[in-house]
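TrEMBL annotations:
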DOMAIN    A:95-296  domain 'ABC transmembrane type-1'
TRANSMEM  A:6-27  transmembrane segment
TRANSMEM  A:101-122  transmembrane segment
TRANSMEM  A:134-155  transmembrane segment
TRANSMEM  A:223-253  transmembrane segment
TRANSMEM  A:273-296  transmembrane segment
Amino acid sequence: MLDYIAYRVAVLIPTLLAVSLAVFLVLHLVPGDPARNAAGPDAAEEDIELIREQFGLDQPLWRQYGIYLGNIVRGDLGESFRTRRPVLDEIVRRMPATLELAGFAMLFAVVVGVALGVVASMRPNSAIDSAVNGLSALGISAPVFFLGLLLMLLFSARLQWLPPSGRGTMAHLVLPTITLGLPYVATFARVARSTMLDVLSEDYIRTARAKGLVWRRVVWRHALINAAVPLVTLLGVYFGRLLGGAVIVETIFAWPGLGRLMVDGIIQRDINLVQGCILFFATAIVLVNLVVDLLYSVLDPRIARG
Amino acid sequence: MSDGAPVLAVEGLRTSFGAVRAVDGVSFSVRRGETLCIVGESGSGKSATALSIMGLIPRAAGKVVDGTVRLAGRGDLRRLDDTSMAEVRGRDIGMVFQEPMSALNPVFRIGSQIGEPLRVHRGLSRREAHERAVELLAMVGVPSPAQRALDYPHQLSGGMRQRAVIAMAIACEPALILADEPTTALDVTIQAQILALFEDLQDRLGVAMVFITHDLRVVAEIADQVCVMYAGVVVEQGAARDVLRNPLHPYTQGLLGCVPRAGAGGTSRRLNAIPGTVPSLAALPQGCRFRSRCPHAFARCAEEEPPLLHQGGDGRAFRCWLTEAAA
Ligand SMILES: Nc1ncnc2c1ncn2[C@@H]1O[C@H](COP(=O)(O)OP(=O)(O)O)[C@@H](O)[C@H]1O
Ligand code: SF4
Ligand SMILES: [Mg+2]
């Protein structure tokens, strides 16, 4: 098991290397002058030149990438062009907000989604099943941006139950969590329903019933664990998308997280900052997938890793 | 060997899957210490009969439409609500299925699966149930039962898994064991062992047993009573010894013709060696269901379905015009 973890962590390195190269190339090859942007609109030509030198933007591209990589290895993501503070500090400062939002949204999606899916599967084609089906169709098709604004209008502007923006209390967390999580509630509900229907037709479910277990226990104990592996896979797949959604949601609700940091960075052509953010997101996604893989062997005794 | 009132008495059982009348008026009874074999080709409604007794016909697929299923001390099981029926399953009736490879839940340990009916029906603690599960594994002839109880199903061979399923079925000392082709999926040598285990358990526990098979050698070995099923109905039933020695229905005669005599050597052919196939249960022909394959069919067989004719007082019955004409 430990060997396997070591192996998986080692595999992380080429993955992240590829990500860093791709991000580096995209950011340096798009038109626009980062140095000019950082210096501000009224800056003199000499100042811009100075910034260019300071950040190594005058070097050939391959050289810049080499330096950048060397710095990353030493844990240095460079300085923000704009604030001149280490990018790593900026990321660490904003990270808790994003992790909080993404974590709660995922939890919301999994708990509510799976519960709805399981309840629907217990009585296929019943009224409950149709209701869950309709809800999840809505949830999947509603654009995040629209959903966020709608919720904000209703619960903040009109009913004034919840704050429209910012971070601080649990109340602040409610709307962003729902906005970010709702499409995934729908996805989890659908997959949970269909996976459960498959599992419920297995022979061992009939055995469980023949033992005298009531339907509730059969469903929640014998079936759900078997449906868990595909659901956990989904968790890995959707975590990345959810982080992507967080960028939009943080912008709508002025949530002070990494997503907004990155959007600001993009607008200001703050290459180092954007690179840092994307590397962070990539690392987080890869790590979550690693955890998901390890979860398999816990959930399914047939997947044993020596 | 058999005595007293029946443990299980099935009367006029009918079960349909949509237009498919899988069980079309089946009656039989089985007493304590007695083994009743239901024998017939694949698709004749044997499993549907067993699942109907257990109340386990999948709701989305079909339902029991008529008949009574009386279990001693419980009355007609068809009248029980879901909760009471769940109490009967596993406690009063233990069931063993055909496919040992898929009958156990892959994510739970063997011991916990065997102990589960004891926890649910008898309120045993996790520890007590586990200890009892180890004893049960020993009882069904699983070597190193303490270790096996901690294994997951995929770590056991098919024969060992079937023993585990049997241990689970007898955990609560049910009055009736329902075994649906429990040896069909196993290797020949393992089949013999499992069959011997059933005989041994029945001797020791004195239960009533309904044993479904398509193998007449199995019937010859373990049955006290036999029901021969064809296309959803019983075509012949009675004491196993009588039916095997003197089959009255052309179908039974055909089946028996396919079993090599003892000591004749060679591999035994199975039941489907009778030429032709079972008619579609969704669109049964008028008259006798066996007509298309019957070597003795005559005019009347096409007009009217023969009723179950009783002969003598010992439950011997058959469904054929010919024998009536001859009698
Ligand atoms: N779940 C089901 N859905 C639809 N039809 C079924 C189902 N189970 C059994 N049947 C039908 O009922 C008939 C009898 O099947 P079964 O009882 O399994 O036969 P046997 O056990 O004797 O091989 C078959 O025609 C089969 O197609
Ligand atoms: S009733 Fe006719 S067709 Fe049916 S088994 Fe008897 S002889 Fe054959
Ligand atoms: Mg069957």
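Every residue, even glycine, has its Cβ placed from backbone N, Cα and C.
Ranked by number of Cβ pairs under 8 Å to the transmembrane segment (A:273-296), the listed stretches A:101-122, A:134-155, A:223-253 are led by A:223-253. Scored by C-beta pairs under 8 angstroms, the transmembrane segment (A:101-122) has its highest count with A:223-253, from the stretches A:6-27, A:134-155, A:223-253. Non-local neighbours of the transmembrane segment (A:223-253) in the same chain are 97-98, 101-102, 105-106, 109-110, 114, 118, 144-145, 148-149, 152, 164-166, 175-176, 179-181, 183-184, 187-188, 191-192, 195-196, 198-200, 202, 205, 259-260, 262-263, 281, 284-285, 288-289, 292-293, 295-296, 299-300; each lies 6+ residues outside the stretch with a CB under 8 Å from one of its CB atoms.
Residues 116, 161-162, 164, 174-176, 178-180, 182-183, 185-187, 189-190, 245, 248-249, 252-253 of the same chain sit 6 or more residues outside the transmembrane segment (A:134-155) yet have a Cβ under 8 Å from a Cβ within it.
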